[in-house]
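K.L.:
As annotated in TrEMBL:
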- Cys371: active site, nucleophile (ACT_SITE)
- Asp271, Asp298, Asp314: S-adenosyl-L-methionine binding site (BINDING)
- 450-478: coiled coil (COILED)
- 666-675: compositional bias 'Basic residues' (COMPBIAS)
- 132-439: domain 'SAM-dependent MTase RsmB/NOP-type' (DOMAIN)
Amino acid sequence: MIPEKPATKMNKNQDKTSGLYKIAAKIIKKVKTGSSYKTQLYQAQYPNKLTLNAVLMNVFKWEKVIDVLVEKSNILEKENNMDRDLVYVFITEMMWSKFGLKGNAKNILAIKKYKNEFLKLMKEHDLEKLSGSKYTKVLKPRFFRVNTLMTTIEEILEKLSKLKFNKLESPKSYAEFLELIKSDKFKAKNVFVQDVHIKELLVFNSKVKFYELEEYNNGSLIVQDKASCLAAYLLNPEPNSTVLDMCAAPGMKTSHLAAIMQNKGKLYAVDRCKDRFNIMQKMLERYMVQNVETFNMDALTFPYYDDVKYILLDPSCSGSGIVDRVRNDSSEQNQNYFQTRLKKLANVHAQLLNHALKSYPKLERLVYSTCSANHEENEAVVDEALSVNGKFKLLDCTKIVKGWTNKGVPGFDCSEMCLNAIPSDDCTNGFFIAVFVRRDLEEKEVVKQEKNVEDIVVKEEENIVDEEENIADNEEEKLIENTKIINKKNKKANKSIVINTDSNVESKSNIKKQKNIEDNVVVKEEQNIADNEEEKLIESTKIINKKNKKANKSIVINTDSNVESKSNIKKQKNIEDNVVVKEEQNIADNEEEKLIESTKIINKKNKKANKSIVINTDSNVESKSNIKKQKNIESTPIVKSKNAKRRERRLKLEQSKGKNNQNTTKVKKPKKTKKLKTEEI
């Protein structure tokens, strides 16, 4: 019983491994007969689409080499006519796969016997030269569209920041955007940037993988190339309007239209392929599209015409513009088949486009897009539609998608008005877009374009303002940090200078006391000066009084000359008054000079004292202002004392004059002598 259980497990693994190879072989057969590779890959009953895609791309890369190996080794005849496509898958996995050919099935073991023979044939015929890439290898980042029906851009950005993804600064122009995603700065796995045109589109390095991310698995993040997103972006339907997606499956552009419409209005999704239609229904349900009605029918027979205002026509095409896609059309045996298929596709595209432009009376805007690089499916179809439908004209797509430079292929009437995405230039899949508008609505469309341009300019200006504000905030933060550092240094310096921090209050009080002592000294000096002046004035008045007494005595002696002596006394008094005034002015000037000198000396002493005591304290400014105020207050009485002194002097002079008058009144007795003399005569 024990050995049987691992045997059953081995069989399950064998079936699972061989199942991958069988599915790959079936897809190769269908693609060679004209089926869409993308459709077959979606429909394949294999969970890991990446592994399946890698196997298929490897087969087509080495197809020419395998042709020679199969022919030289006659492996198909020797192995009982084994399935050719399955043999191609086995040989590819055995010779060039990183993991090798896995499994122990009979057909796998049979192919493994030829490995050495194949290696010899490779060397003998130098077959590695025949290996050529069937797809164009270009630098293409991975684009993830935020499904705004389920989440917001802010929530996704917050989630990415938690996952340690670094969002680079959004460039201001499309040219700068291309430079950034092509630069070495964008090679890191953990960096991304927001698209310059479609804000809900995030751009990552091509190596990034989100298969384990919840938002990717639940439909909040959708892998969608930028070129594919431009179709819905250029149609730009209004919410609550009616939109028709004529070839909607598998539903990526339909879900983008619903997001632009905010799930409001009517959205008709039509596709005639049953398998693709089923995939679309599941996808739209997963992406929470609620305003959609799906129809599994041919768009040419779609009956609802009246209210359709916007149409997106993205028909199934050759897919020649898709990067890293399997190519089987370049081989000589398939060239004729490819040309005939291309003509059929072009005819179908023209039929659908003409039907849309003619059958919908309220149609205002239509976007025609393909993922083809062939002008037969692109410019030629648009020119034909314009020649038949004169009511419509083209908008210049490159004016709406600001900064885009690649237009249509030269040589067609519509070339200058169309948009072409070139993988090597724009880092997207190859894509073609033309925008039709009704001629009578041209003015409205011009106004809309101008508004869009204005909105873009406003957004750019807002981004610039935000950047400047961020720079200012960063500078403020730096300044705050610097000030903190400086404060710390100052605190350390203050600690080193002021050892005893507890005695800071005492030191301030000591400073005030010292200032008060110095001010008292100044006041005492001024008082001494004033006292000296008063003593001088008293002495001068005494001298004048003595002189007046002597003069009065001389007047009494010489009574005959009283009249003359009175006039002389007045003159002498005036002279003496002038002398006194001059002396007072000189004394006042001397006092002012002394005061100025003393204040200078005091100021110098105060400065020295302040420098020596207060070195680095927080109250320097306040102490200085207080010192100035106190000095001004104390100096004001000194100025007023001059006037007071003059008043005192005048009072003393008046008093002295009053005494002199008293003296003169006493000397009136000699008049009697005059009368006696006259009597005697």
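Just so it is clear, glycine is given a Cβ too, placed from its N, Cα and C backbone atoms.
Unlike curated records, TrEMBL annotations are generated automatically.
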K.L.:
Show me the subset of Asp271, Asp298, Asp314 whose Cα is within 10 Å of Cys371 (active site, nucleophile); these are the binding-site residues I mean.
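P.N.:
Those close enough are Asp314.
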K.L.:
Suppose the S-adenosyl-L-methionine site is Asp271, Asp298, Asp314. Which further residues of the same chain have a Cβ inside 8 angstroms of that site's Cβ centroid?
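P.N.:
Counting only non-site residues, the set is Asp245, Met246, Cys247, Ala248, Ala249, Val270, Arg272, Cys273, Ala299, Pro315, Ser316.
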K.L.:
By a 10 A CB contact count over all chains shown, which of the binding-site residues listed here is most packed: Asp271, Asp298, Asp314?
P.N.:
Asp271
K.L.:
So the record assigns Asp271, Asp298, Asp314 to S-adenosyl-L-methionine. If I measure every Cα pair among those residues, what is the longest distance in angstrom, as a whole number?
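P.N.:
Taking every pair of listed residues, the largest Cα separation comes to 14 Å.
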K.L.:
Given the model, what does the mean pLDDT over the coiled coil (450-478) come out as?
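P.N.:
When the pLDDT values over the coiled coil (450-478) are averaged, the result is 68.
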K.L.:
When you measure from the Cβ of Cys371 (active site, nucleophile), how many other Cβ atoms are you left with inside 10 Å?
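P.N.:
Cβ-Cβ neighbours of Cys371 (active site, nucleophile) within 10 Å number 24.
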